[in-house]
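Swiss-Prot has this to say about the protein:
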type	residues	note
REGION	1-268	region 'Amidoligase domain'
BINDING	S15, D150, I151, E152, K189, T190, K191, P192, T193, Q194, K225	CTP binding site
BINDING	S15, K189, T190, K191, P192, T193, Q194, K225	UTP binding site
BINDING	S16, L17, G18, K19, G20, I21, D73	ATP binding site
BINDING	Y56, G357, L385, G386, M387, Q388, E408, R465	L-glutamine binding site
BINDING	D73, E143	Mg(2+) binding site
DOMAIN	296-537	domain 'Glutamine amidotransferase type-1'
ACT_SITE	C384	active site, nucleophile
ACT_SITE	H510	active site
ACT_SITE	E512	active site
Amino acid sequence: MGETKYIFVTGGVASSLGKGIISSSIGKLLQARGYNVTIQKFDPYINIDPGTLNPYEHGECYVTVDGHEADLDLGHYERFLGIQTTKANNITTGRIYKSVIDKERRGDYLGKTIQVIPHITDEIKRNVKLLGNKYKFDFVITEIGGTVGDIESLPYLESIRQLKWELGKNALCVHLTYVPYLAAAGELKTKPTQHSVKELQSVGIQPDVLVLRAEHPLSDGLRKKVAQFCNVDDKAVVQSIDAETIYEVPLLMQAQGLDSTILEKMGLPVGETPGLGPWRKFLERRHAAETKEPINIALVGKYDLQDAYKSIREALSQAGTYNDRKVEVHFVNSEKLTDENVAEALKGMAGVMIGPGFGQRGIDGKFVAIKYTRTHDIPTFGICLGMQCIAIEFARNVLGYADADSREMDEKTPHNVIDIMEEQKAITNMGGTMRLGAYECVLQKGSKAYLAYGEEHIQERHRHRYEFNNDYKAQYEAAGMKCVGINPESDLVEIVEIPALKWFIGTQFHPEYSSTVLNPHPLFVAFVKAAIENEKN
């Protein structure tokens, strides 16, 4: 195509309007037209990455294949576009400032006074263009976190202003705002959007496209009013009303010609509108699945915020669609789970997920849930800490080591069936120091994991410091828990399963990060299938 085109997505009026979904939808529509697209997220917080952030603060921490702890929006990008993102796809203010300070310490600025303009803004611009320069993408979509008007966003907005001036038609700004509905007046109000656009204009940015988030449809008159007072073309005002599922948003945007408008404004041929056949088939199958009785699956964990397990929820949802059933996820707070109430808490559950996490809080409830599902032969899927809890519960109640534990929870345990990894022992810093990113795993032929994947060699993403202690491996296998997935370099146990049960698997890695709309993860598909079969019985 020639020069890379840059699309900036900003937000106004309120946070959590769905900039990530709009960015992903634009990317999907352009990708369907044959363009090579990637999406990056700029977060205005001063943390280097979200790796040490509490999930209640920021939702789940997503992990890229190259081992970067990233914003959960990267999960949306990957699920929608079916691409793999990297460290370069998620930048924070902390990383920008650290890079500038490191350069200053090296003497790269030759004694100049370091300022927000031009040094910070130049570093932001360099990172915006990095993906386009390095990988030759046709489009780089850049989502700016936060809301226009926030102090933290100002350097990013100034950088966008400069890039729009420098790049001309190769840069475009999409501004997402909120149009509230006042029930008392019975009407939608556009004034907040007008003020948000004026705020953007005050820093020198004229948005090219407006996406209006609303609970009710906008009339043509209302859209024309917004276009007139915000200085954009009529057809460049697009509504984004609430949809049944986020996966319908690309089709809603396409129906209003959003992708055509973007191409036209960037001087590119519009051509025929792509059919998005596989995407539409997925949605048709999803709608058909929703007409049936849902399959109930419990998610046992300590974070009751839905975004804390975002990728797991999406992976379960996708797996349900490909099993032609809607998955109803029931969160079960592990802090409140006891031997006395576990039967009631898991009543009616066709399958149980043991969620990932860190630390002692809520872990005893996970042991209770695992013991119950193991002894009642309920399909169970444990991820990361969930897999470690499966191993600990088995050691306590099957191997007979009542005081078995993880070194993370009890440094003095005499039976450390989960131990800290050797290379982690000398590490003191928390941020970015775990075993992160994609690693190889070899599956045991004939195992349920192997049957799910249909291949022997796989690669999955990790985020952990502790591992299964191979000193106990022979005892586990003799008692009925098999180690069926092994890293060929370190001999680290990646997958355990109990073959005698219907479906009882724990993975040290995070399979949810690799599940996409058009390619659901095989372990999740197999787990949901097992839950459906269990429900029949």
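Placement of Cβ uses the backbone N, Cα and C atoms for every residue, glycine included.
Remember, it's a predicted structure, so these values are computed and weren't measured experimentally.
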Message = Around the ATP site formed by S16, L17, G18, K19, G20, I21, D73, list the extra residues of the same chain whose Cβ is within 8 Å of the site's Cβ centroid.
response = G11, I22, S23, H76, E143, L176
Message = If you count CB neighbours within 10 Å, which one among the binding-site residues G18, G20, P192 has the smallest count?
response = P192
Among S15, D150, I151, E152, K189, T190, K191, P192, T193, Q194, K225, the record's CTP binders - longest CA distance, Å = 30
Request  = Please name the residue among the binding-site residues G357, G386 whose C-beta has the most neighbouring C-beta atoms within 10 angstroms.
outcome  = G386
Request  = Do me a favour and check the Cα-Cα span between K191 (CTP binding site) and L17 (ATP binding site); whole Å is fine.
outcome  = 17
Rounded mean pLDDT for the residues that make up the region 'Amidoligase domain' (1-268) = 92
Ask   = Does L385 (L-glutamine binding site) have same-chain partners at least 6 apart in sequence with Cβ under 8 Å from its own Cβ, and which are they?
value = G355, P356, G357, F358, I363, K366, H464
Message = If I take the alpha carbons of S15 (CTP binding site) and E512 (active site), what is the distance between them in whole Å?
response = 26
